[in-house]
Amino acid sequence: MEKVQNDLTRIRVVNKNMSWVKFFVAFLISIMIPLRVVSLDSSSENDYTGKHVTSENLYAVILGNKSAVTGGSGKVLDSGPNDHIFIYYADHGAPGMLGMPGELDVVYANDLVHVLKKKHENKAYRKMVIYIEACESGSIFDGLLPKNINIYATTASNSRESSYATYCPDDDFSSPLSEYDTCLGDFDKANLREETLQHQCKVVRRRTINSNFGEGSSHVMEYGNMHQRNDVIECYMGSNPINDNFSYDINHVVPPSPRSQFTTTTLSSTTHHPLINAHHDQRDTIIHHFSHKLRKAPSGSREKRELQKQLDEEINGRKVTDYRIYEIGRLLFGTQKNSSLILNHVRSPGQPLVDDWDCLKLHVKTYEKHCGRLTIYGRKYTRAFANMCNAGISTDQFVAALIPTCSTKI
């Protein structure tokens, strides 16, 4: 299969003395396009890349534990009680977890929150802000992140919905942008010395919610200490002097339309180019990628046949995963109807995904042992595994249902 996810995974640790010390951690996992790190010190190199971007290294960096990191530069957040910390995390997500470069490595919500609590207990920061861009990213903090440890978190979606990619390739080959085969994210200028965290959140929320898409939109969420929303962004991210005179009215921020108009000065400073069906579920960007390249490939070519094979494998793999999960549920809960109700149940806001995180981790590990690795698509079923745990399904019961299911050739 063509590897769409490129090798720009990195952890970058930047320490810089200003009116107070601020620490910036950029933890970026590129999904479809390169993501550039913008830090308080542009001369710094990426500290951890490739195989050294692991959950254990992430925890060690946050905790300032130099002896626990492996590979990379060895830099950690050696912060103190007067420091401000900003963490940005972008990757594929799933209920209760965030993706990592390693196929079997993930960040579980309870583990990350445990690390954050420990950081607070160590009096190793004054305030912290965390931004997470991932599917179901609200589940990382919902019901888990305390309000009294001086952490404010914003997530790209709530605990039950996907995050959506915007600005994907146009099918209209006459458009100059049809040469691009990836989905692009957009960004805005802002005066970070004046704009507050709350205002930024409102702007992003307004831009990402669009009733025209129905389910095809995500809801930016806030967790933790809401008093920190009034802090200016510069406290955590520094400022870009170029944007000091830039401002905008939130009421004039227009959500994306089903057919977005994209203006690019690199192609023409005066021409608007149609870009797409603007939103795509992050898990479906690979489908969109292959489909778009397939339509562009010359008819009857080897390239077209190979792309069709890759697309078919991706779709068939998803069908197999769908069948297995719901067949396991049927064997456990009696009927397909009962299975669907239990496996798809979403808890009320303020409740964590699962009561027993060890049970969830064991169910995931057991499934992957007997049925194969969960793909980015397959990980969406961690909610189903969590609901099995919440329903009291033991590991023995789980194994008894999955072995006959996964041993059957589909």
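Placed from the backbone N, Cα and C atoms, the Cβ positions cover glycine too.
If you look up TrEMBL, you'll see HIS92 marked as active site. Under the heading active site, nucleophile, TrEMBL lists CYS135. Annotation source TrEMBL lists domain 'Legumain prodomain' at 309-406. Among the features that TrEMBL reports, transmembrane segment is placed at 20-38.
Secondary structure of the domain 'Legumain prodomain' (309-406) per DSSP, as helix, strand and coil residue counts: 73 helix, 0 strand, 25 coil. Look at CYS135 (active site, nucleophile): DSSP puts it in coil. The two recorded residues HIS92 (active site) and CYS135 (active site, nucleophile) have their Cα atoms spaced 6 Å from each other.
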